[in-house]
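Visitor: Please see the structure below; I have some questions.
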Amino acid sequence: MGAAYFDQFKVVDLIAITNSSMMMMLAVAVALILLKGNRLIPNRWQAVMESIYDHFHGLVKDNSGPQYFPFVFTLFIFIVFLNILGLFPYVFTVTVHIVVTLGLSFSIVIGVTLGGLWKFKWNFLSILMPAGAPLALAPLLVLIETVSYISRAISLGVRLAANLSAGHLLFAILAGFGFNMLTTAGVFNIFPVLIMVFISLLEAAVAVIQAYVFSLLTTIYLADTIVLH
């Protein structure tokens, strides 16, 4: 029974491409459909999206510059739609796979590093040596800062996959428990229904929060390297 909870994370080949690839394409398609079209008088959905847009625009502009806003906002939309789609029954959740999340995080850190080297040349390596530190401690500090810099990519990807995996497992266990209570106590017992509704709302909140944290940390890493804070 316990092994069945992990079957939702299994990568399956479908028509020469995996379910993981199909979900990524579906997330992009759904995002394009839901985000297209602007009305002069916005409806509630457009008002929510404009609020999110304004928030991210201000966040990225203040920390790393407006030129990076399209990338960070697109990253947030992509991850949040992947996370939300994964909440539906029998839908594969791409972001629970460490290979996918580490691929995203390492691509971001490598891209940021190359951008910093292109902009600052060898002066970019000054981020590995804290300002005002004693010269005698330079070898140790450079080693520590190098390990810390590399660990950014690892922690960024692992955090997303681990939190979503734990949430989905908890959701599956409690949903199964609630369904058993529902069939045992009768359809008029509201308690198991409330359990499933609460867990669903909690998982939706976690899906959005984790996408936001991933995008926020990406913005911070951009600020630390591109602006050389």
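Every residue, even glycine, has its Cβ placed from backbone N, Cα and C.
As annotated by Swiss-Prot, transmembrane segment applies to 14-34, 68-88, 98-118, 124-144, 157-179, 189-209, with the evidence given as sequence analysis.
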Visitor: Which one, 68-88, 98-118, 157-179, 189-209, has the most C-beta pairs under 8 Å toward the transmembrane segment (124-144)?
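Guide: So the stretch in question is 98-118.
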Visitor: Sequence-remote contacts (6 or more beyond its ends) of the transmembrane segment (98-118), Cβ cut-off under 8 Å?
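Guide: Same-chain residues near the transmembrane segment (98-118) but 6 or more away: 20, 75, 79, 124, 127, 149, 152-154, 156-158, 160-161, 214, 218, 221-222, 225-226, 228.
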